[in-house]
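Have a look at the structure below before the remarks.
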Ligand SMILES: [Zn+2]
């Protein structure tokens, strides 16, 4: 008797074996993926340092503890955002703000024609930039402890994004905030080109100020503050004029938008004050290391101020659209998206130039990169 027919099919067997191997690989891969969160959770949270354990370039006035390792890996930097350090609130305040502004942008996208209606292009540029600056800041604070060089480059990008945000303000102020009596004036026509020039000055001075931080800390702080205050004052000239001289019959709707503009100005002043004063931690060093120090309050005030500015701009944009359409030239592509593209290119060029100086000329580095700050398993007292 013949036994049961044997099913001999080399191709089938090969496929079957290949399939088994493939299935085994797939299961192993899935297992690795499933194990990944566990390995992340079991990873040791980075060790924190006191002020004396980090190089001078990382030290902040009035903050004595909660510093991350000055040679953290990228993974440690990301993990540290889930650990309470003196940077955690800085990271999250601007990360959450990014999502808030993205959400507002998304809602506007549903109701405003940003593509074919040129009157809305300035708002498009502004919304992009108010999402960009908190996101860049959040990334800068997250990865600033990878090395002294990384710290400087992270904050070069942070300054560049703030500088571009001021350009976005100028583009919207020229289109929606300019007082009626200044529309079509010489200042109005040259407002955006001046603002593009201002981004060069702002980014250039603020990046340069990092090179003065160690030898001349006071001069560095004054220069950096001036670098940001100068474009802010320029951008707000039309608003200051409206606040000082505008009247009801001028058609500026003083009650409607100007009160919200005033809220923005109050928070902008607070932002500047906190940035320059280092209060409250200067009065009680060590008390506000984790929560409540000036940079965290500075972030919060900047975001709240930007929120009021956005609301005021939206009010002006809506209430003045008919008057602007009848009396002013419609915003052009070169004057809005083109100015943004030029600003981005110029800022990236400045950041690249300062980064190249930083990386190629160790002697001219902006801060003392203490040799003792080289990576070591245990941080030594310096
Ligand atoms: Zn910051």
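A Cβ is built for glycine as well, from the same backbone N, Cα and C atoms used for every other residue.
What TrEMBL lists as transmembrane segment is 89-109 (among others). Here the transmembrane segment (89-109) has long-range neighbours at 81, 123, 127-128, 130-131, 134-135, 137-138, 141-142, 290-291, 295-296, 299-300, 303, 306-307, 310, meaning same-chain residues at least 6 beyond its ends whose C-beta is under 8 angstroms from one of its own.
The transmembrane segment annotation in TrEMBL covers 121-143 (among others). Sequence-distant contacts of the transmembrane segment (121-143) (same chain, six or more residues past either end, CB-CB distance under 8 Å): 74, 77-78, 80-81, 87, 90-92, 94-95, 97-98, 101-102, 104-105, 108, 112, 114, 150, 154-155, 157-158, 160-162, 164-165, 167-169, 171-172, 174-176, 299, 303, 306, 310, 313-314, 317, 331, 333, 336-337, 339-340.
Feature annotation from TrEMBL assigns Zn(2+) binding site to 141, 295, 299. For residue 299 (Zn(2+) binding site), the Cβ neighbour count at a 10 Å cut-off comes to 24, with all displayed protein chains included. DSSP assigns residue 299 (Zn(2+) binding site) to a helix in the three-state reduction.
Positions annotated as transmembrane segment by TrEMBL: 155-178 (among others). Residues of the same chain lying 6 or more positions beyond the ends of the transmembrane segment (155-178) and with a Cβ under 8 Å from any Cβ of it are 119, 122-123, 125-126, 128-130, 132-133, 135-137, 139-140, 144, 188, 191-192, 194-196, 198-199, 202-203, 206-207, 210, 227-228, 231-232, 234-236, 238-239, 242, 261, 309, 313, 316-317, 320, 324, 328, 331, 335-336, 339-340, 343-344, 347-348, 350-351, 354-355.
If you look at the transmembrane segment (190-211), the same-chain residues 6 or more away from its ends with a CB under 8 A from one of its CBs are 152, 155-156, 159-160, 162-164, 166-167, 170-171, 173-174, 178, 220-221, 223-224, 226-228, 230-231, 234-235, 238, 335, 339, 342-343, 346-347, 350-351, 354, 364-367. What TrEMBL records for 190-211 (among others) is transmembrane segment.
Feature annotation from TrEMBL assigns transmembrane segment to 257-276 (among others).
What TrEMBL lists as transmembrane segment is 335-359 (among others).
Taking the Cβ of residue 141 (Zn(2+) binding site) as centre and 10 Å as the limit, one finds 25 other Cβ atoms among all the protein chains shown. Around residue 295 (Zn(2+) binding site), taking its Cβ as the centre, 20 other Cβ atoms fall within 10 Å, counting all chains. Residues 118, 121-122, 124-125, 128-129, 149, 152-153, 156-157, 160, 163-164, 167-168, 171, 174-175, 192-193, 195-196, 199-200, 203-204, 207-208, 210, 365-366 of the same chain lie 6+ residues outside the transmembrane segment (335-359) yet bring a C-beta within less than 8 angstroms of a C-beta in it.
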